[in-house]
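A quick write-up on the structure given underneath.
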Amino acid sequence: MSEMTPREIVDELNRHIIGQDKAKRAVAVALRNRWRRMQLDDELRQEVTPKNILMIGPTGVGKTEIARRLAKLARAPFIKVEATKFTEVGYVGKEIESIIKDLTDVAVKQTREEMMQKVRYRAEEAAEERILDVLLPPAKTSSSGWAQQQEETPENDDQRGTRQVFRKKLREGQLDDKEIEIDLAMPQMGVEIMAPPGMEEMTSQLQNMFQNMGSDKTKARKMRIKDAYKQLVDEEAAKLLNPDDVKEAAIESVEQNGIVFLDEIDKICKRGDTSGPDVSREGVQRDLLPLVEGTTVNTKHGMIKTDHILFIASGAFQMSKPSDLIPELQGRLPIRVELEALTSGDFVRILTEPSASLTTQYHALLNTEGVEVSFTEEGIQRIAEVAFHVNETTENIGARRLHTVLERLMEEISFHATDHSGEKLVIDADYVNEHVGELSQDEDLSRFIL
C-alpha cells in the first residue's frame with residue numbers, strides 16, 4: 001500500500017497530467033485516507049468507510065489518465081472497468097459482481113508477486129544448484145545405497161572446487177549462452193469454457209480443475225542457461241509459497257485497500273424518453289448499489305466484503321447529468337469533482353511538460369531511424385491552436401485531438417524516414433501551416449480527417 005503524502009501524489013500526477021488540480025487533490029486525499037485508516041485501532045477502523053468520488057468532465061481532459069497513473073501509485077489492488085459492459089442480473093452480459101471477482105484475481109496475482117520477491121534469494125540459490133547439478137552431475141549412489149562421495153577424499157575436494165568455479169562463472173554471466181537440457185514444470189493448460197450468464201462460479205471451478213490436471217508433470221527442455229535460470233527461479237519461488245497464505249493475504253488486501261475505477265458511468269444513466277425495463281442502465285445502477293454500500297461477494301478465492309473498497313466513478317455527462325443517476329447511487333458518491341475543459345494554453349503544456357510528452361515520443365521514435373526532429377516554440381503553439389480550433393468547430397475530444405493532429409503532421413516524414421537518415425527536421429509554425437493549416441480551416445475536411 002502506498003505511503004505517499006497527498007502532496008507527493010499530486011506532484012507525481014503532475015509529471016504526466018496537465019491541470020485538473022481539484023481532481024488530483026481529491027484522489028490524493030482519498031488514497032492517503034486509505035493509509036490513515038490502517039493506522040487506527042481495529043474497532044474504529046471498521047467504522048471508517050471510504051468517501052467515494054464522482055469525477056465529471058468532458059472527454060479527453062484526463063479522467064482516465066488519472067486512473068491509469070493512480071493504479072501505479074496505489075500499490076494496492078486496483079481495477080478499471082467500463083460501466084457499459086454490464087447488465088442487470090439475469091440478462092445477457094457481465095454481472096456487476098464480476099468487478100469484485102476480477103479485483104480479487106488482481107490482488108492474488110499482486111500478492112503472489114510480492115511474496116515471491118520475499119523468497120527470491122532462496123529461490124535463486126535453489127535455481128543455481130539445479131543448473132550446477134546439470135553441468136556437474138553429483139556422484140551416483142553405490143549398490144549399498146550410500147553416495148560414493150560421503151567420505152572426504154581429494155576427488156571430492158576437487159569436485160567441490162570445480163563446483164565453486166562454475167558457480168562463480170554462472171553468477172558473472174559467463175555461461176549465459178551455454179545450452180543445457182533441464183526438467184521444467186509443464187505450463188498449465190489454458191482452457192476456456194463458455195457458460196450461460198449466472199454460472200460463472202461453475203465455469204471457474206471447471207477451469208481450475210482442468211488447469212490443475214498435470215500441473216506436477218515435468219518436461220525436459222533444451223535452452224540457454226540465462227533463460228533456464230529465470231524459469232527455475234520462478235518455479236522454485238512458487239514451491240516456497242503456501243497458496244492458502246497467498247489467498248488469505250490477497251483477500252485482506254482487497255477488503256482493506258481495494259480500489260475500483262468505474263469509467264463511463266454517465267452511459268448508464270436512464271434517459272427520459274425510454275419506457276419499460278432498462279437492464280443495461282438503471283438495472284446496472286441498482287446492482288451497483290450493494291457493492292458500493294457494502295455487501296459480501298462469493299469469489300473462487302473466498303468471500304469478499306466490499307464495505308471498505310473505494311469506488312471512483314467518472315463520466316463526461318454530455319448527454320445526461322449527475323442528477324440522472326438514481327438518488328441512492330448519488331448518495332453513495334459524496335465527493336463531486338468537476339474537471340475543466342482544456343484550453344490552447346493547456347495543449348501547449350501537454351506537448352512540452354510531461355516526462356513522456358507526444359513531442360518527446362516522436363523525437364525518440366524517429367531518432368531510431370537517424371532522423372533528428374525538433375519542435376520550435378512557435379511550432380508547438382501553432383499545433384495547439386490547430387487542435388483547439390478543430391475541437392471548437394467540430395466535436396470536442398479534448399487532448400486526444402493532439403494525437404490526430406500530430407499523426408497527420410508527421411505522416412510524411414514517418415513514411416520517408418529511412419530516406420532521410422542523418423538529416424535534421426525542424427517543425428516550426430510554417431511547417432504546421434503547410435501540412436495541417438488548411439485542413440483545420442475547412443470544417444468539412446477537419447470533421448473527417450482531423
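Counting begins at 1 with the first residue displayed.
Every residue, even glycine, has its Cβ placed from backbone N, Cα and C.
Among the features that Swiss-Prot reports, ATP binding site is placed at I18, G60, V61, G62, K63, T64, E65, D263, E328, R400. Around I18 (ATP binding site), the same-chain residues six or more apart in sequence whose CB sits under 8 Å from its CB are G62, L342, D346, R349, I350, E353, P354, listed in sequence order. DSSP classifies I18 (ATP binding site) as coil under the three-state reduction.
Swiss-Prot lists 140-162 with the feature region 'Disordered'.
Residues annotated as compositional bias 'Polar residues' in Swiss-Prot: 140-151.
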Where the record names I18, G60, V61, G62, K63, T64, E65, D263, E328, R400 as binding ATP, the maximum Cα to Cα distance in Å: 34
V61, E65, E328 as binding-site residues, winner by CB count within 10 A: V61
Number of Cβ atoms other than its own within 10 Å, given for K63 (ATP binding site): 26
Assigned element (helix, strand, coil) containing K63 (ATP binding site), judged by DSSP: helix
